[in-house]
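What TrEMBL says about this one:
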DOMAIN    252-355  domain '2Fe-2S ferredoxin-type'
DOMAIN    376-508  domain 'Guanylate cyclase'
TRANSMEM  27-48  transmembrane segment
TRANSMEM  68-87  transmembrane segment
TRANSMEM  99-118  transmembrane segment
TRANSMEM  149-168  transmembrane segment
TRANSMEM  180-201  transmembrane segment
TRANSMEM  226-248  transmembrane segment
Amino acid sequence: MKNKRSIRKNYIANLAHWERRLRLGSGLILVAFVVPHLTNHALGIFSFEAMEALRDWLALVWRSTAGTVFLYGAMVSHFALALYSLFRRTTLRMSAWEAAQLILGLAIIPLLAFHAIFNRMVWELTTTEVDYQLVIATIWYKDFETWRILLLVLVVWAHLVIGLHFWGRVKAHYPTFLPFLYAIAVLLPVLALLGFIRSGLNQPYSGGEKYVDRMLNSPFNHKLQFIQSLEPITLWTFLGLLVGVLLAREVNRIYAMRHGVFRLQHAGGNSISVPVGRSILEAVRAAGIPHASVCGGRARCTTCRVRISWGLDRLPPSGQLEATALKRINAQPNVRLACQTRPQSDVTITPLVPANASPEEAYKAGGLSGSEQKIVAMFVDLRGSTALGQSRMPYDVIFILNQFFAELAEALSATRGHYAHFAGDGLLALYGLEGEFQQGCRDVLAGAAEMLDRLELLNKRLNHELDEPLRIGIGIHSGEAIVGTMGPPKAPTLSAIGDNINIAARLEAKTKVFKCNIIVSSDTVRHAGLIPDPTTEHKVAVRGRKGEIMVLALDSVNDIPGFHQLIITPSI
Ligand code: FES
């Protein structure tokens with residue numbers, strides 16, 4: 001039974017993953033069609049010949065078998081995904097831009113139906129070349145069609161721009177390209193409309209009506225009438241699907257209400273009764289509580305993240321999309337994305353990002369903002385780096401340092417360590433951020449062993465480059481610290497501050513005094529579940545702290561009795 005449940009969860013997680021990819025892929029194909037298409041319209045400012053020249057090239061792509069499959073496949077799947085996401089919404093409360101995106105997207109079908117069907121089907125069924133003059137003539141034939149196309153250009157473009165903007169704005173380099181994209185967003189539709197209007201005014205069939213009448217009376221007229229009859233069929237099918245989805249959504253909602261509710265306690269004081277199946281984001285929105293959601297609930301921005309202070313153990317596990325997003329921001333285990341989490345029993349949440357969050361929040365490591373917790377700090381310093389700099393060319397020094405830091409980073413990732421910052425020739429690493437404190441104490445010892453092993457191998461590898469082997473000093477201490485994202489707004493990192501962090505730095509400095517590789521506080525060793533050997537234990541005074549602390553001065557963590565039995569050091 002449990003196995004069945006986990007298979008279903010995996011299936012749903014994978015489905016969400018592929019749904020997002022399909023939405024993005026189909027959207028980008030449609031962008032690849034719309035942008036050149038509007039550019040083609042814009043050429044109408046110059047002449048029909050210019051329009052035809054580009055159209056011939058575009059027709060080669062989009063009328064080919066592959067182009068047809070991609071284009072129509074993208075249209076159908078994009079529309080189907082829109083209906084599916086409408087069905088899945090348990091509330092129609094949404095932000096203004098999401099509502100605009102949805103309404104504009106749905107409006108495209110009735111506006112586009114005739115234009116798309118006519119252009120393609122005339123060519124397919126009658127082999128009449130649907131060139132610009134013919135298309136413009138059939139559009140200028142009636143005022144209604146003219147206005148419909150003008151509106152279609154604006155609606156399609158607005159839908160596309162909103163979609164691209166909300167996809168791109170959580171990307172780090174988006175602000176760099178924004179002025180350029182902004183210019184395109186304004187200029188392209190304006191030029192396209194001008195080109196369309198000018199070509200309409202200049203079209204050779206001033207009696208457009210006569211031209212279309214002549215077409216309808218041509219030997220192909222029965223085919224043309226059939227083509228015209230497809231428009232109402234398309235519109236009724238669209239309406240039927242839309243109404244069907246809204247009804248199915250309502251049935252689903254009533255079913256969910258009958259099958260249970262959970263209580264959501266919000267840090268702001270509200271307590272909400274929520275039907276099972278609704279996400280936390282949908283629940284708070286339905287209750288009228290503002291909540292950050294830069295990407296509109298697509299697991300991309302992480303601005304909807306909440307800390308679960310009660311009910312965490314009964315939440316369904318994160319799906320692949322959510323887990324990836326949370327990993328990207330180094331979120332703590334009690335942090336979840338409100339847009340992806342659908343509780344089945346009572347929960348208490350605290351939003352971690354202000355409701356009016358900007359896209360920059362998406363770049364920040366998160367979930368640990370300003371929390372105080374017990375962690376383990378490790379300071380590592382490269383010995384003799386000044387001499388290294390004096391004896392070698394700058395390029396060689398950088399090369400050696402990069403190799404050195406790469407090994408340290410590997411050692412950290414192999415032992416669940418998190419680097420807080422590299423500074424000059426040293427680094428601060430944190431352990432125990434994501435798991436238990438005791439496990440962090442064991443991991444940090446494994447990390448120290450891993451670093452020394454890797455350094456030995458690096459020294460062998462760089463044997464011919466170095467006058468003498470690289471050596472490091474490691475200081476380790478544990479205890480309460482303030483952990484959070486810090487640094488300049490565009491480059492914040494997850495780090496920690498506090499007395500215990502300073503002590504780790506001071507212990508590292510003492511490795512020179514004791515002429516050893518590692519100094520670790522005895523308490524950290526005990527928290528790891530080991531008994532310090534009194535012969536290697538020392539009392540040391542640490543600047544900035546009253547009294548002395550007990551430490552172990554070691555050349556290797558293997559000198560701690562029982563280390564090997566307790567800790568399995570990852571192999572290189
Ligand atoms: S709203 Fe963007 S990740 Fe949840």
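Any Cβ shown, glycine's included, is placed from N, Cα and C.
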> Any contact between the transmembrane segment (27-48) and the transmembrane segment (99-118), i.e. 3 or more CB pairs below 8 Å with pairs at least 6 residues apart?
Replying inline: no
>> Applying the under-8 angstroms CB criterion, which one of 68-87, 99-118, 149-168, 226-248 scores highest with the transmembrane segment (180-201)?
In response: 149-168
> By Cβ distance under 8 Å, which residues at least 6 away from the ends of the transmembrane segment (226-248) in the same chain are close to it?
Replying inline: 83, 86-87, 106, 109-110, 113-114, 117-118, 121-122, 125
> Using DSSP, how many residues of the domain '2Fe-2S ferredoxin-type' (252-355) fall into helix, strand and coil, respectively?
Replying inline: 26 helix, 25 strand, 53 coil
> When the domain 'Guanylate cyclase' (376-508) is classified with DSSP, how many of its residues are helical, how many are strand and how many are coil?
Replying inline: 63 helix, 41 strand, 29 coil
> Across the domain 'Guanylate cyclase' (376-508), what does the pLDDT come to on average, as a whole number?
Replying inline: 82
